[in-house]
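Input: a single structure, listed below in structure tokens.
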Amino acid sequence: SIFTILVLTLLVLLTVATFLWNLLVLATILRVKAFHRVPHNLVASTAVSDVLVAALVMPLSLVKELSAGRRWWLGRELCLVWVCFDVLCCTASIWNVTAIALDRYWSITRHLEYTLLTRRRISNVMIALTWALSAAISLAPLFGWGETYSPEQGRCQVSQEPSYTIVSTGGAFYLPLCVVLFVYWKIYKAAKFRMGGRRRNAVIPLPEAAQVKEASHEPQMVFTARHAAIAFQTDGETWREQKEKKAALMVGILIGVFVLCWIPFFITELISPLCSCTIPPIWKSIFLWLGYSNSFFNPLIYTAFNKNYNNAFKNLFVKQR
């Protein structure tokens with residue numbers, strides 16, 4: 001039908017756009033030396049996971065969508081590879097978003113002790129832990145924790161073993177979800193506290209006991225104040241406050257899109273094996289591709305809030321011409 005053709009065309013465009021956009025971000029970070037530092041290494045790790053989602057996971061998912069009854073006809077070996085990369089890349093993408101949120105949180109709330117050297121070490125540790133945890137979750141079914149392939153039913157999906165479902169969904173989504181929500185709550189509290197502090201730092205007028213004397217022949221003023229409390233407030237926001245406000249907004253949008261894209265899939269993924277519920281295949285496909293679309297939105301969000309990326313993109317195309 002025409003509707004089916006339109007949907008498949010949209011999925012193909014989503015796959016191609018996700019691959020090209022994340023590849024552009026990676027090429028920019030590799031070519032521009034100014035990006036060879038934190039937090040751009042976290043952005044690069046996120047782009048790597050999202051590129052792999054678009055290159056290795058989404059095309060095979062599209063092949064499955066095109067098959068009659070969404071059955072798997074590509075054999076056991078390719079099924080294991082697809083499921084393994086699906087879990088690995090999507091979990092790494094989710095934890096990379098969490099790492100970016102944590103880095104922004106520490107840079108805002110602990111900017112004095114969160115030095116460049118400390119930031120680089122912590123970001124490298126977070127990247128290593130992200131990929132190690134993702135690999136552990138994705139490889140567990142290969143060692144007998146549940147079955148992913150059923151030739152009789154033509155089924156290829158993530159292991160539905162209840163114990164694996166709890167561990168995998170908890171480690172891949174619910175734990176990072178709690179982390180990012182806690183981080184944004186702390187960022188919101190810090191921003192609210194600073195705004196309250198700025199309102200309290202208003203100039204308090206001098207009391208009547210204050211006396212002002214002006215010398216008749218000298219161009220200076222002599223102030224005498226008793227029990228006067230004077231605080232000064234700068235006009236507008238400082239450079240750091242503007243930077244922190246922009247970072248908080250970026251983290252909020254990144255977390256909001258992440259939650260909206262993935263929470264329908266992981267709710268059904270957790271409930272279905274535990275309650276033996278049968279979810280219509282069409283809804284499982286919708287929720288799965290909604291989660292995949294998060295890999296498309298990630299580079300759009302964190303480059304839209306950084307003018308250096310826009311300038312680097314322009315210079316990259318100009319040099320190539």
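Glycine is treated like the rest: Cβ placed from N, Cα and C.
For the transmembrane segment (6-30), same-chain residues at least 6 beyond its ends with a Cβ under 8 Å from one of its own Cβ atoms are 36, 40, 43-44, 47-48, 50-51, 53-55, 58-59, 62, 65-66, 289, 292-293, 295-296, 298-300, 303, 309, 312-313, 316. Taken from TrEMBL, the feature transmembrane segment covers 6-30 (among others).
If you look up TrEMBL, you'll see 21-302 marked as domain 'G-protein coupled receptors family 1 profile'. Taken as a whole, the domain 'G-protein coupled receptors family 1 profile' (21-302) shows an average pLDDT of 81 in this prediction.
Distant neighbours of the transmembrane segment (42-60): 11, 14-16, 18-19, 22-23, 25-26, 29, 35, 74, 78, 82, 85-86, 88-90, 92-93, 96-97, 99-100, 103, 123, 126-127, 130-131, 292, 295-296, 298-299, 302; these residues of the same chain sit at least 6 beyond its ends, with a Cβ under 8 Å from one of its Cβ atoms. Residues or ranges marked as transmembrane segment by TrEMBL: 42-60 (among others).
With a threshold of 8 Å between CB atoms, the same-chain residues lying at least 6 positions outside the transmembrane segment (80-102) that come near it are 39, 42-43, 45-46, 48-50, 52-53, 56-57, 60-61, 74, 123, 126-127, 129-131, 133-135, 137-139, 141-142, 148-149, 156-158, 168, 171-173, 176, 179-180, 183-184, 251, 254-255, 258, 262, 291-292, 294-295, 298, 302. Annotation comment: TrEMBL describes 80-102 (among others) as transmembrane segment.
Among the features that TrEMBL reports, transmembrane segment is placed at 122-144 (among others). Here the transmembrane segment (122-144) has long-range neighbours at 38-39, 41-42, 45, 80, 83-89, 91-92, 95-96, 98-99, 102-103, 106, 158-159, 164, 167-168, 171-172, meaning same-chain residues at least 6 beyond its ends whose C-beta is under 8 angstroms from one of its own.
Residues or ranges marked as transmembrane segment by TrEMBL: 164-185 (among others). Residues 87, 90-91, 94-95, 97-98, 101-102, 104-105, 133-134, 137, 140-141, 145-146, 158, 251-252, 255, 258-259, 262-263, 266, 269-270, 273-274 of the same chain lie 6+ residues outside the transmembrane segment (164-185) yet bring a C-beta within less than 8 angstroms of a C-beta in it.
As annotated by TrEMBL, transmembrane segment applies to 247-267 (among others).
Here TrEMBL flags 287-305 (among others) as transmembrane segment. Within its own chain, the transmembrane segment (287-305) has Cβ neighbours under 8 Å at 11, 14, 17-18, 21-22, 24-25, 43, 46-47, 49-50, 53-54, 57-58, 61, 90, 93, 97, 100, 246-247, 249-250, 253-254, 257-258, 261-262, 264-266, 268, 313, counting only residues six or more beyond its boundaries.
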